[in-house]
């Protein structure tokens with residue numbers, strides 16, 4: 001097996017020839033691949049010791065070692081090395097002479113970057129064939145003390161309470177060294193170079209902990225200590241570095257506050273509050289702004305009514321004496337206060353007591369012109385509603401607290417929005433000067449507010465303001481009344497419909513209003529027999545029929561009474577329309593005219609209106625019947641006399657009928673088929689009839705007008721029957737209705753008369769059948 005000669009710090013191995021590289025000019029030679037001389041010896045691997053070389057070597061290139069193989073003669077073997085420092089980063093640090101096998105160091109080494117290199121050595125013949133198996137070559141970089149220690153901070157800070165005992169921990173200094181920690185090059189030691197006198201602190205040379213070494217730390221003497229620290233390697237004998245340590249002494253309450261004077265003198269004006277009187281100066285050596293310094297003041301005696309208060313000025317730490325309740329010169333002219341002071345934080349037990357922890361404060365009260373005072377303010381009184389002018393309300397007088405000064409007080413109004421009150425300027429007596437309206441916007445929940453002024457005659461004068469609150473007592477001076485409108489409708493059948501709901505109102509306020517009592521007038525006996533009233537709640541009642549009564553308008557006399565004291569009662573007329581109702585309990589459409597009468601129109605007025613309308617209709621019908629009974633020659637002569645202007649003879653009565661949904665009024669089919677040809681014939685001399693007229697129709701003779709009011713009803717009934725059965729006139733069979741015309745139209749639109757056909761396509765011959773008045777139109781527009 002081969003062997004190698006290694007240059008390595010005087011180490012010798014079996015079958016190796018080792019020598020030092022530094023002292024000798026030539027490196028030692030090692031045969032790495034030499035075979036073992038003993039025959040039959042088992043082959044084994046050799047452990048090659050590492051080659052050591054110092055960092056920062058200056059003589060370059062520097063020979064490290066020479067390797068050789070004994071399989072070939074010198075010059076016939078080619079050597080090479082590979083690995084970090086050769087063909088890997090960092091490159092070109094090492095090299096080898098390929099013919100001699102000498103290994104060289106070509107660059108300065110830095111152990112702090114790379115502390116060892118592991119290379120592989122190769123031996124080849126000239127043809128490139130492997131002569132020996134590759135072997136490892138390790139190069140170790142030997143550390144030198146080329147790095148100073150470094151503190152982790154330039155300034156270390158610590159805090160400690162004043163008065164701390166020896167051995168109290170303050171802070172810790174820390175440092176590092178980049179050199180090999182296994183050598184003395186990185187063995188660090190700490191020390192304090194400077195701290196001033198006396199020396200209160202020490203540092204542990206191994207750990208860097210700073211602690212106190214003696215008592216006597218006093219923040220009021222020295223608040224901050226500055227220390228200069230040092231760290232050295234080589235166990236304190238090598239390279240060094242310095243840093244600072246700033247140690248702050250924290251305050252404790254070891255100084256009690258003290259007043260600067262034994263007594264303070266101040267003056268305060270009477271009748272004012274919330275004003276500052278003076279300041280109490282104190283001294284405290286503790287840290288300003290801290291709880292150990294902030295002063296708290298206490299009034300120990302001399303202020304039984306709590307008229308003074310002392311608060312602390314946060315900037316100056318002075319006590320500010322203020323008046324919190326008005327002083328009265330006439331009652332007391334001087335106050336002697338005893339005041340103490342303490343810190344916000346408790347005083348240390350070992351701290352000395354203050355010499356001036358208490359002081360006296362003398363406060364002299366100054367006499368001033370005080371404003372008059374109303375003994376009762378606000379003053380509350382009451383007065384009846386509607387009180388007449390001159391009614392006494394109250395005497396709102398004030399007193400002058402300045403008893404040692406003779407002054408006169410005068411009174412006046414400051415606020416009286418309704419100008420309702422009159423004030424006696426000398427006595428303060430108040431009375432009304434007119435009647436206050438109950439609807440005044442300045443009455444709030446029954447109260448009226450006024451402001452009265454009291455003015456003294458001092459120089460300058462002082463004014464007092466008093467509030468007068470007057471309760472307006474409600475008087476029951478209004479009777480209840482039915483809520484409008486005082487009318488309604490009921491079904492003629494007692495068991496139909498919900499009845500008529502009646503409500504009442506009262507202008508008076510509680511308790512002179514509801515509950516209301518509803519009653520049928522007992523002076524009208526028929527009311528109780530036909531009608532009934534049942535109370536629903538405090539303000540409503542329900543009116544119902546006891547049995548069936550005639551349809552139409554009924555006027556009921558009701559009595560309404562409130563709950564006031566004394567109660568007020570009103571008799572009021574209620575117009576009730578009784579009508580026929582459907583199954584749902586509401587009046588049928590045909591009864592609309594009767595319901596309209598319930599708005600307050602009397603029965604006699606309604607009869608007169610209806611009679612006038614019927615008479616007018618009858619006259620028109622009679623005129624039309626007379627004309628239709630005339631012969632054709634007379635019709636032509638009549639038309640001849642009317643050819644000047646037929647438009648003046650067309651009558652317009654503004655009669656709209658019952659609407660297209662009123663199927664009971666007339667036959668709607670006449671609107672659907674107005675031009676349908678008639679199949680029936682009529683005899684000569686007979687007036688033209690509607691197409692729906694029966695064959696057996698005989699015209700009715702003229703009826704005489706009623707001669708007395710008692711015949712009006714029969715006349716109206718007969719006239720309506722005649723109009724319903726007369727086919728020669730429009731089918732108006734009911735009183736005119738204007739309030740309802742239906743929701744839709746089952747007949748065709750009137751515009752279809754013109755839109756569907758032109759004038760040339762219309763057949764107007766049927767107009768001849770409508771009578772002589774339309775014959776002229778048929779001649780003008782019909783076929784010739």
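Cβ from N, Cα, C; glycine included.
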Which range of 580-602, 603-625, 626-648, 649-671 is transmembrane segment, per TrEMBL: 603-625
Number of helical, extended and coil residues in the domain 'Cadherin' (502-591), per DSSP: 9 helix, 42 strand, 39 coil
Range from 70-151, 152-259, 502-591 with most C-beta pairs under 8 A to the domain 'Cadherin' (375-482): 502-591
Local confidence of the prediction over the domain 'Cadherin' (152-259), expressed as mean pLDDT: 92
